[in-house]
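Input: a single structure, listed below in structure tokens.
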Amino acid sequence: MAFFTHQVIRGISSSAVRNAAIKHVTIIGGGQMGAGIAQVAATTGHSVVLVDTNEEILKKSAKGIEGSLKRVVKKKFADKPDAGAEFIAKVMANVSISTDAASVVGSTDLVLEAIVENLKIKQGLFGALDKVAAAHTIFASNTSSLPITDIASSTSRLDRFGGLHFFNPLYFYVMMVIGTSATSQETFDSLLAFSKALGKTPVSCKVRSSDIPYYTIRYLHHMDTPGFIVNRLLVPYMMEAIRLHERGHGSKEDIDIAMKLGAGYPMGPFELLDYVGLDTAKFIMDGWVEKDPDNPLMQPSEMLNKLVAEGKFGKKTGEGFYKYK
């Protein structure tokens, strides 16, 4: 009886807090994406803790955020240097760094993960944090390809788990809010409100579930399918471009030009692969192949595998399909 009462009280208090706005955010992963999300959240007035196991990465990330803000100031405060300096100081005051995730999640409203696209690693992270995070804390993953349901399975807060997928580059105004069949209405509403508070436009989608109401417009309670919406269409497109090149049907330069001029895309598929990271693309494809090995859209590429094995990940390493200075 005591256990039951405790659970009821915890559930009531958690629900009440979840209706409150997300103010304090813990971002796990100090790489390019994690640092970028931290900047967006801090700029919109959220208190942010950026967490990584490597202190040098965190220092580099903090320096990168400040450098990015200085570029913003050059454009927005060109004639007002004092206002620009105040803007940078105000945003940076919202950002702190830590190498100990367990010590900071006890009072945070949202834990957002932006680490390597590896299911077991993500499950291990959330499984550990679930034991120390506050009852009201919402967990979310920035994964671009892995099912949120699978990631959430390592925790006991399935109703407080969702996906927040930011597009790269982060100045894109659209983002995805993903829910599973177990994600509660309160959690989804909080994630949706948080997305809007960041100045983003959440993607809309219709979904049916026995546990969730029917959403008509303005909501993406997007169910788990490999890659969700954008990457489910985008990654097979990029992989087919590689296969065209592998078969000798077109050079990478011609394929890129064709898609930019013929389809109006800002980047060709090979330029985009280099920008996203060939290692990231391979991680996604490896996961998809494992889940659906007979799907022709999800077959690996020898050329991509070879480049990744050689450490040629794209722009971040100076070479991928193209070379960069």
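Placement of Cβ uses the backbone N, Cα and C atoms for every residue, glycine included.
Among the features that TrEMBL reports, NAD(+) binding site is placed at G29, G30, G31, Q32, M33, G34, D52, E117, K122, S144, N168, K316. For G29 (NAD(+) binding site), other Cβ atoms within 10 Å of its Cβ number 23.
The Cβ of S68 (CoA binding site) has 17 other Cβ atoms within 10 Å, all protein chains considered. Look at TrEMBL and you will find S68, K75, S144 tagged as CoA binding site.
Residues or ranges marked as domain '3-hydroxyacyl-CoA dehydrogenase NAD binding' by TrEMBL: 24-206.
Residues annotated as domain '3-hydroxyacyl-CoA dehydrogenase C-terminal' in TrEMBL: 227-324.
The site 'Important for catalytic activity' annotation in TrEMBL covers H165.
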Query raised in the report: Around M33 (NAD(+) binding site), how many other CB atoms lie within 10 A of its CB?
Result: 19
Query raised in the report: Of all the recorded positions given, namely S68, K75, S144, H165, which is spatially nearest to K122 (NAD(+) binding site) at the Cα level?
Result: S144
Report summary line: Rounded Cα distance, in Å, between G29 (NAD(+) binding site) and S68 (CoA binding site) is 18
Query raised in the report: Between the recorded positions G31, M33, D52, H165, which lies closest to K75 (CoA binding site), Cα to Cα?
Result: M33
Query raised in the report: Going by DSSP, how much of the domain '3-hydroxyacyl-CoA dehydrogenase C-terminal' (227-324) is helix, how much is strand and how much is coil, in residues?
Result: 65 helix, 3 strand, 30 coil
